[in-house]
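Peer 1: Below is the structure I would like to discuss, written out as structure tokens.
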Amino acid sequence: MELGGPGAPRLLPPLLLLLGTGLLRASSHVETRAHAEERLLKKLFSGYNKWSRPVANISDVVLVRFGLSIAQLIDVDEKNQMMTTNVWVKQEWHDYKLRWDPADYENVTSIRIPSELIWRPDIVLYNNADGDFAVTHLTKAHLFHDGRVQWTPPAIYKSSCSIDVTFFPFDQQNCTMKFGSWTYDKAKIDLVNMHSRVDQLDFWESGEWVIVDAVGTYNTRKYECCAEIYPDITYAFVIRRLPLFYTINLIIPCLLISCLTVLVFYLPSECGEKITLCISVLLSLTVFLLLITEIIPSTSLVIPLIGEYLLFTMIFVTLSIVITVFVLNVHHRSPRTHTMPTWVRRVFLDIVPRLLLMKRPSVVKDNCRRLIESMHKMASAPRFWPEPEGEPPATSGTQSLHPPSPSFCVPLDVPAEPGPSCKSPSDQLPPQQPLEAEKASPHPSPGPCRPPHGTQAPGLAKARSLSVQHMSSPGEAVEGGVRCRSRSIQYCVPRDDAAPEADGQAAGALASRNTHSAELPPPDQPSPCKCTCKKEPSSVSPSATVKTRSTKAPPPHLPLSPALTRAVEGVQYIADHLKAEDTDFSVKEDWKYVAMVIDRIFLWMFIIVCLLGTVGLFLPPWLAGMI
């Protein structure tokens, strides 16, 4: 049917009426739903008093179900002993005055209302340390048609917490949060634990602490102020510190600094930096101890384990300073200031080094000792240097006896290969070879000790003692016909120095020394003396190297002039001085070795202490299950 037909004007009014009626009904239904909550609020709060407990009878008890949900563990202040947490306080109770029938209000079963308009239990945090005891942000409450009220306001609490820093930084703390009504006793308001544990579904993990456990318990207590019994719900938080930060920044540096204390006793005493290192370690440990005192509570009844470790190490560092001063004193001792007791020599030079597996290096003083012994033998041997019984007869100026040097002149047989030779008392120098061959005369003569042919000398052989340079070369002539290269003590041995003592021959021998005779001696006379420079070995006495041509009578000794006597006294003085220096050096080395042994003893002691201290630092927390 078309609307433009003849019946169209008749159908249009009924359609418009039907459409208007539907729109009116829909608008009235929306208006009814919106006004239902308004009417409900007017009905609920008309004559409602939020100051009275929501009970029908005065003897009834309001049961409040209480729960806690933690959102974040903000901080644990060890210094002020506070725990800061962000929690949601769950509370639920029934208010009989806030009931309605949903059928009367367009099936409205629940509404959100401002919490300021209704009665709320005055539940506060008992062990609040700072801030507000009660909830400050009053959020809306969820009201159900049966009179049940749910209120979950957020809150940031700073609760007091007794911090136990015994195993710091491997510590585990037990902090509590105690909630309860401030004014209503158990006869008015009773608490019911909503959950046995704290809700951690929305917990944001902390970078320093981890919650091991959080359990809520219901308690009742009668306080001294009042006769009533007050209930409370206490949540015990078991939190454990994450020790990585403190291990990297506190424990490892402390251990390394403590190990430096061990190196103090390994540092040689000659360097002079032992005291400086000790004081530097002591100051470093003091700085770390100050860092710990800033972290731990100042009123703590216990000392943290790392504090005990640092304090123990500081005591040992202080002792190391005292010991180092003593060791340096021992190290620089000398025979002129201290005498080494026998027990010190026995204990620290014999017994303790063997126990510590120490082997003392040998002191290279053999050459010096041989040198001193040689000088003593040269200066004090009676067979070479007896006191002269009288002055020698006067001689001519050209043939006068020159005062010999501290060389030993004794008659020797003419060797197969005559010539001066030098032997060194030192093991480090090779034996010297003869520098020049000499021809031995086949006819003995009582003539004087002469140089080789072609060489004229003004007197006897002169050999320098304590020479430090080569005295001659193979082609060089020396005084008295003696050539030798010497680096140390030498003595000159005339080969044929005297004739057998016969009647009238002694005077002839002395007279023959005053002439420049170049004639060959008769066959029945001793040959002219030939001098050989020899070095005296340390282990062989000079008398052992002397070979006499005749064993029937001892050779006569040469008289000593005053100059030669002074030279002998000088050699004796030098030998005594060197011997005293050698003795002083040996005693000083003994004192230095005693200081080294004492250092080694305390080195091992401190190594053991550091190991035991490290084990003592980590073992108790490990046994307690905190590591």
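Each Cβ is built from the backbone N, Cα and C atoms, and glycine gets one as well.
Owing to the predicted nature of the structure, the values given are computational and were not obtained by experimental measurement.
Relevant sequence annotations retrieved from Swiss-Prot are reproduced here:
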- Val76, Glu78: Ca(2+) binding site (BINDING)
- 501-511: compositional bias 'Low complexity' (COMPBIAS)
- 538-548: compositional bias 'Polar residues' (COMPBIAS)
- Cys161-Cys175: disulfide bond (DISULFID)
- Cys225-Cys226: disulfide bond (DISULFID)
- Asn57: N-linked glycosylation site (CARBOHYD)
- Asn107: N-linked glycosylation site (CARBOHYD)
- Asn174: N-linked glycosylation site (CARBOHYD)
- 382-481: region 'Disordered' (REGION)
- 496-561: region 'Disordered' (REGION)
- 27-249: topological domain 'Extracellular' (TOPO_DOM)
Peer 1: Measure from the Cα of Cys175 (disulfide bond) to the Cα of every one of the recorded positions Asn57, Val76, Glu78, Cys225, then give the nearest.
Peer 2: Val76
Peer 1: Given the recorded positions Val76, Glu78, Asn107, Cys225, find the one whose Cα is closest in space to the Cα of Asn57 (N-linked glycosylation site).
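Peer 2: Comparing Cα positions, the closest of these recorded positions turns out to be Cys225.
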Peer 1: Could you give the Cα-Cα distance between Cys226 (disulfide bond) and Val76 (Ca(2+) binding site), in whole Å?
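Peer 2: About 33 Å separates the two Cα atoms.
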Peer 1: At the level of the C-alpha atoms, what whole-angstrom distance separates Asn107 (N-linked glycosylation site) and Asn174 (N-linked glycosylation site)?
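Peer 2: Asn107 (N-linked glycosylation site) and Asn174 (N-linked glycosylation site) have their Cα atoms 49 Å apart.
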Peer 1: List the recorded positions among Val76, Glu78, Cys161, Asn174 whose C-alpha is within 10 Å of the C-alpha of Cys225 (disulfide bond), in sequence order, or say none.
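Peer 2: Of everything listed, nothing lies within 10 Å of Cys225 (disulfide bond) (Cα to Cα).
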Peer 1: Just going by other Cβ atoms within 10 Å, which of the glycosylation sites Asn57, Asn174 has the emptiest spot?
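Peer 2: Least crowded of the glycosylation sites Asn57, Asn174, by Cβ count within 10 Å, is Asn57.
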Peer 1: Compute the C-alpha separation of Val76 (Ca(2+) binding site) from Asn174 (N-linked glycosylation site), stating it in Å without decimals.
Peer 2: 11
Peer 1: Under 8 Å between C-beta atoms and at least six apart in sequence, can you list the same-chain neighbours of Cys161 (disulfide bond), or say none if there are none?
Peer 2: Val76, Gln81, Met82, Met83, Gln173, Cys175, Thr176
Peer 1: Taking just the CA atoms, what is the gap between Glu78 (Ca(2+) binding site) and Asn174 (N-linked glycosylation site) in Å?
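Peer 2: About 12 Å separate the Cα atoms of these two residues.
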Peer 1: Let me check the 10 A CB neighbour count of Glu78 (Ca(2+) binding site). How many other CB atoms are there?
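Peer 2: The answer is 21 other Cβ atoms.
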Peer 1: Return the average pLDDT for the topological domain 'Extracellular' (27-249) as a whole number.
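Peer 2: In the predicted model, the topological domain 'Extracellular' (27-249) has a mean pLDDT of 89.
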Peer 1: Using a 10 angstroms cut-off on Cβ to Cβ distances, just flag whichever of Val76, Cys175, Cys225, Cys226 is the loneliest among these recorded positions.
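Peer 2: Least crowded of the recorded positions Val76, Cys175, Cys225, Cys226, by Cβ count within 10 Å, is Cys225.
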Peer 1: Would you mind checking how many other C-beta atoms are within 10 angstroms of the C-beta on Asn107 (N-linked glycosylation site)?
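Peer 2: 11, counting other Cβ atoms within 10 Å of Asn107 (N-linked glycosylation site).
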